[in-house]
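Listed in TrEMBL for this protein:
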DOMAIN    6-233  domain 'Carbohydrate kinase FGGY N-terminal'
DOMAIN    244-435  domain 'Carbohydrate kinase FGGY C-terminal'
REGION    451-481  region 'Disordered'
Amino acid sequence: MTLLAAVDLGASSGRVMAAHLREGRIELTETARFPNRAVTVRGRLYWDVLGLWAGILEGLRALDGPVSVGVDSWAVDYGLVGDDGHLVANPVCYRDARNAAAKTEILERVGAAELFAATGIQPQPFNTLFQFAAETTSARRALLIPDLIGYWLSGVPAWEATNASTTGLVDLATGDWSGALAERIGLDLGLLGPVTPTGTVLGPVLPEVAAATGLAASTQVIATASHDTAAAVAAVPYGTEHAAYISCGTWSLVGVERDTPITTPAALDAGFTNERGADGSIRFLRNVAGLWLLNESIATWRLQGHDIDLAGLLAEAARVERLRSVVDPDDARFADPGDMPERIRSYCAQTGQPVPGTPAEVAACVLDSLALAHRSAVEGLEALTGDGVEAIHVVGGGANNGLLCQLTADATGRAVLAGPDEATALGNALVQAQALGLIPPGPEARRAVARASARPRRYEPRGPQAPWGRAAARLQPARVA
Ligand code: LFR
């Protein structure tokens with residue numbers, strides 16, 4: 001048996017997972033979980049990256065002799081470090097307002113179509129590209145969050161490929177930073193080193209980390225698939241069907257894996273993006289604002305003193321009349337932290353729909369709306385790729401939300417295969433195991449271990465499709481407005 005450590009940082013929590021590799025299977029156990037939340041100071045929204053670091057060290061301390069450590073997190077965000085290797089500024093959260101103005105300004109200089117053709121990345125305000133443009137800095141290096149943690153663990157700076165692709169600065173053709181694009185928009189690429197291949201062994205943990213955690217001095221730090229979505233996609237237990245995936249957590253990333261990107265105007269208009277997969281594949285996907293709407297609603301109710309238990313809320317939401325009111329989860333008004341139920345109510349009122357009152361009604365509205373958004377993304381995938389989607393793998397925390405999985409099956413008319421819920425940590429560990437030669441290279445060997453490690457739960461579609469089609473049509477004018 002071999003023990004690997006997977007550090008997985010999400011927008012609402014971080015954890016350290018022990019991954020036991022034994023007889024072609026990986027078994028995961030959580031050794032530490034710590035909260036993560038963006039914090040506002042003087043109107044700027046920051047991540048508490050030092051709190052995360054403290055949680056990571058504590059989690060590593062609880063492990064019994066891992067051979068390696070790999071870190072993944074949400075994409076696009078970064079820490080700036082100076083010549084002496086110290087942080088020169090606290091990492092800013094991608095939901096901060098500063099990026100929207102930078103996006104407008106850059107798109108005036110380089111059109112969205114040109115950016116999309118060069119990098120394959122859907123122009124969204126949070127892309128690192130726009131964040132850099134909003135930054136004034138005397139820093140020496142910019143390291144994306146998992147690379148920053150990897151640097152603190154190993155002393156070796158890296159720019160791991162799957163996460164680098166999300167910045168909007170990597171040339172689709174070469175897989176390295178686009179000098180031409182940087183020049184066009186006046187960005188200094190000096191903050192970035194060469195893109196690091198996924199699965200690169202960076203080196204052993206620093207002596208100070210070994211001392212703080214009890215890890216052996218020989219423990220290797222590995223640049224795993226450090227974009228959480230890439231790690232999750234690397235662990236999708238595909239069967240024989242032609243299937244799409246939904247990596248479902250704070251966001252729902254709805255996509256397929258392909259060999260080639262799609263950078264047509266239709267793909268740009270439909271909101272699709274081309275991110276790199278663990279083996280250099282293309283993750284062609286759409287970002288749907290996922291369980292963020294539900295989680296932020298629950299946080300609001302709890303702040304207001306309501307005693308909310310998720311299982312109870314979902315059970316009640318299942319009994320609410322379906323498709324009473326629906327929202328477009330990607331509407332810009334839902335992007336910021338804060339009172340989500342109020343914004344959902346005002347959306348429903350403005351679009352002439354019944355206004356959800358109780359928490360269960362709001363939750364039902366959110367889950368119906370997410371299922372509808374999944375349906376629209378799957379339709380978009382089929383239209384743009386020309387390939388039928390026969391089944392949908394839902395992985396990540398959302399795989400445990402039985403109501404959302406069932407509604408996604410109902411709305412799309414496809415079977416949903418739910419799980420593993422820990423796909424991100426599993427993919428993180430699988431890529432490490434491959435880097436160390438513990439399992440053979442390539443996607444198939446990895447998926448074989450993924451299949452052996454978790455058996456998905458199957459949800460068959462119920463009822464007619466027509467009500468979902470009508471609800472989607474109801475949303476059209478709202479989208480345009
Ligand atoms: C999911 C995710 C998405 C990315 C978003 C912002 O956790 O990584 O893939 O678009 O967060 O970084």
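Each residue, glycine too, has its Cβ placed from N, Cα and C.
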Statement: With the cut-off at Cβ under 8 Å and a gap of six or more residues from its ends, the chain residues touching the region 'Disordered' (451-481) are 24-27, 237, 239, 322-323, 326-328, 331, 347, 351, 353, 368, 371-372, 375-376, 393, 399, 402, 405-406, 408-420, 426
Field: Residue counts (helix, strand, coil, in that order) that DSSP gives for the region 'Disordered' (451-481)
entry: 18 helix, 3 strand, 10 coil
Query: Which whole number is the mean pLDDT over the domain 'Carbohydrate kinase FGGY C-terminal' (244-435)?
result: 97
